[in-house]
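See structure below.
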């Protein structure tokens, strides 16, 4: 299968600090990939860097979109990619819509920007809202965002993002602000549309429950680096990296007693300003050996995936 | 919170009442400014030296000035110059301020820095002195005072609007519009500006009040509307010589200036209470 988006050696520097350090990630047509990690691991910065949303941030490495290099493109060219080729939806739908503009206009705007006539754009907006399960979509084009609930707003956001039939959808914690039932609905909608239109989805999240239900593949980030990547089935069957194991162990489970203490990953995430030498995770790793404190591990292929850990090489960690 | 926003010793200024006073009063003053010349009982420019310096009474309700002209008629005629030019000045300064602020907000760090330091230079000169200088340089006339006051007042608007624009630009919906490929100009006009103007309306309404005083001040000093045109500031200047013998000549237009400034000030306050969610109950 061909890659729609091929990220290679992506680096993001903010004010002299390296937030993302050499990330590799492939997104194939119609594939759903989850990028997980704790707050500050660089997952959101990765998403923003792909669309170059922050002009003050310096982005390096290579991002190939359908074979076209995005890094180094002038802002004007990047703008053509935004929305029409790579779309993005944000965490909080309640603040992501312009409060003074009608729903229809906001959904139709990406089309209008690309020269589609008003009537045709509005018609397509109504169709897209309808597909996303907004009731009486055609009548509600004239409504304002405050007349919609959070879940409906997220559908409006998705409609605006998907109306130009992009090849890639980046969803940055798209369901964090929604209640669980609505989360499920929204994710199902994304899944359906992505399947029907062959859209590749990059889901940024820290919710492993969502990952398990939604993604085909998962990449785990720690301190700006990818430490593990695998198919969802393989990852949930048994992560290779100690950090992945820790994350999975700290998810609450229905098959355990409520009185049982949840496992946690001890310590706090490494700050970009004080990243430990060697493996950035070693101060929090129970199994760390001497080599972890001095050498940075590289990604090794294991089974269907990859992991960056010395213990795997040493055979000290079973996978 | 409410008790802090509304002084207890002024029960009159409870919010609904403020609305009830401010909006109709403003409407009345604007109406007078619009129709003033037509409802004047006498010709405001009719000189009649036999009737000079008459005290307020039956024939001339607010008395006459040194040339025997009816002061009430002159007030009504002058309302147009004073109130409407103040509105023109405020709108002009606000528009210039918005354009400058939008350029600063879109232009990146260097443009922003340069524009805002220019604003600082303007703001460092007292408004009245700057306006007086510009008006004098352009030659005394109503047009000069309008231009002079716009020159003196735009930096305050530019600074205010820039601060609000920056805040709005950081909001998620602007970011979200950007990810959909909206170019900067359209982003500013359709998403940022419409969501930023609330505080500008308040500032503009409050400023009209100050501009009325400033304009009258410039006329009083002789760089504004020229005789014989009926201008409140010029009328006060005319009556100055007779303050001890014919008090009404200077006092009546002076009171008109004060009253108009107060009414527009109340209007600005009422608008602020309405538009600022952190105020009021």
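Cβ coordinates are placed from backbone N, Cα and C, and glycine is handled just like the others.
Nobody curates TrEMBL annotations by hand; they come from automatic prediction.
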Among B:54-71, B:144-161, find the range that TrEMBL records as transmembrane segment.
B:144-161
Establish whether the number of Cβ pairs under 8 Å between the transmembrane segment (B:118-138) and the transmembrane segment (B:21-40) reaches at least three, counting only pairs separated by 6 or more residues.
no
Which stretch, B:21-40, B:144-161, B:200-225, tops the Cβ pairs under 8 Å count with the transmembrane segment (B:245-267)?
B:200-225
